[in-house]
């Protein structure tokens, strides 16, 4: 049986149309919400619960958009984005996120920049945070690694150019987050490279999904940091002091130079590991 050709043959055009549609949907959601608030139909209070709900709605819209474009524009299965089969790289991603946040937090603690003032387990926020972080990791990885990077790798003559473009786009969509700084933008860019590096070599999304989930979930609902500027009640209640460049301040740990060092180290180690595996298989 002949493979169905994409409804939009040019991959660059597909990515561009998808991006414009993604931006349009996000802006439309914001306009609709603002209209409901202004007209008094919705009494919106920016509590942690409300912010979590807004992020969840955006993630669901993103998943819907990816599904529509993959099925009708690309004319391929959703699984072909990199969802099958499950790879042990997923567990590697999760363990790497734990190791990086653990090391970074311990270094900040040892340097006197971090202090956990208290702890409190609220089942509501903990499990809402758990579900939300799964949803965010799944949706953002399908958007930026599965759809955008996947299509760019098919049409670009240079895989590193494709990875760089997807990483820049990933950083740009987070530019409006609270507490954004130069260090935060740099780290978002590096995170885009790290999350996409595995996909470049394997075309499998499980590493990036599990890493993304572990990174966000440990930061917010467990360790008590802000997550990309979003405040989420955590089991541990963290107090940061000292130079904001070291702590990340209001953006969270991923806005710190500590995160910059850890991300660069992880990118280098992952690249060397894949090149070694590639040479061994040659």
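Cβ atoms here come from the backbone N, Cα and C positions, even for glycine.
The domain 'CAAX prenyl protease 2/Lysostaphin resistance protein A-like' feature in TrEMBL is assigned to 126-218. What TrEMBL records for 12-38, 50-69, 90-112, 124-148, 160-176, 182-201, 213-236, 256-274 is transmembrane segment.
Take the transmembrane segment (50-69) and the stretches 12-38, 90-112, 124-148, 182-201, 213-236: counting Cβ pairs under 8 Å, 124-148 has the most.
Listed stretches 90-112, 124-148, 160-176, 182-201 were compared with the transmembrane segment (213-236); the greatest number of C-beta pairs under 8 angstroms is found for 124-148. Scored by C-beta pairs under 8 angstroms, the transmembrane segment (12-38) has its highest count with 124-148, from the stretches 90-112, 124-148, 160-176, 256-274.
Using a cut-off of 8 Å between Cβ atoms, the transmembrane segment (124-148) and the transmembrane segment (90-112) share fewer than three residue pairs, counting only pairs 6 or more apart in sequence. DSSP assignment over the domain 'CAAX prenyl protease 2/Lysostaphin resistance protein A-like' (126-218) gives 78 helix, 0 strand, 15 coil.
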